[in-house]
Each structure stands twice: as structure tokens, then as C-alpha cells.
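**Student:** For reference, the structure I am asking about is given below.
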């Protein structure tokens, strides 16, 4: 535990660019000047401690920001899209949303999910004739090919997606 805390403090000081004020700083400094510091299961070399890598995570679920964003990411999408019209105050939406995200994630990119908050985007809700929430549309090549209103269980959602994917 102490080794983890020591390592965390040292790495934090490297990232922030400030020297650590802790009493462990001299120990960490000496330990990491050696080619390799191995306290049990941890192995840190100075070059590893200073490298920070970032990767872009492609998500299968995204929030719609505005009308042009909807046009670009949903209507013009080559991938089939499930559009979840929801509201923050809607209890059933809070149940359906995570279920739908889980089922969409299982499809491994064959379908993506767009989330539209009807309070923020009433124009889209009116355009797609959303009269109750949650409303879920299945869109392919810019056209609505299927729709349902209300909560569904995971089996029904999987069948809904299989029909969309083809």
C-alpha cells in the first residue's frame, strides 16, 4: 500500500511538473534513478513514468447536440442508427436508456445509438412525431424503418435491432 502511495505521489509530481513536498520524494527520486524499480509486483522505469498515452474511444452511443449534428450523425449515417428520444424527468427513460445502450454495445458497431433530449431538441421531436417518451426510432439510410414507444425488455430490444441490421 505504501509503495502504491509513494508511486502515485511521484507520478503526480511528474505530471504536474512540481516537485513533491512529501517526505518520500528523496526516496522515490533515488529509487527511480536506478534502471528499474521493482517493489514486489510493480515495475516502473523512468521512461514509462513520464509517458502518457491517450487513445480515442469510439463509442456506439452519442448525444445529439443540435439539428445539423442530427443530420450529420443520424440521417447521413451509413450505419443503422437507433434514436432514443428521452427526457431527464422521465422515469421509464431512465430504465430503458441503459438497457438500450447495453444491447447496442453487444452489436459491436453494426448499429449506433443517438440520444435526443426532447426538452433540448423539441424541433426534432416534432419533426419525428414524438408524442410520448421514451420513443425509439430505427433509422437506416436516413429513413425511419421501425419505431416503438415505452419500455421493452432486453430480448425485445435485441429482436428490434436484429430486424434493423437485417
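Just so you know, glycine gets a Cβ as well, placed from its N, Cα and C.
Since we're looking at a predicted model, the values are computed, not measured.
So Swiss-Prot has the following annotated:
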type	residues	note
DISULFID	90-93	disulfide bond
DOMAIN	61-166	domain 'Thioredoxin'
MOD_RES	152	N6-acetyllysine
MOD_RES	152	N6-succinyllysine
**Student:** Looking at the disulfide-bonded residues 90, 93, which sits with the largest number of other Cβ atoms within 10 Å of its Cβ?
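**Tutor:** Top count of Cβ atoms within 10 Å goes to 93.
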**Student:** Can you tell me the CA-to-CA distance separating the residue listed as 'N6-acetyllysine' and residue 93 (disulfide bond), as a whole number of Å?
**Tutor:** 11
**Student:** In the predicted model, what is the mean pLDDT computed over the domain 'Thioredoxin' (61-166)?
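**Tutor:** The predicted confidence over the domain 'Thioredoxin' (61-166), as a mean pLDDT, is 97.
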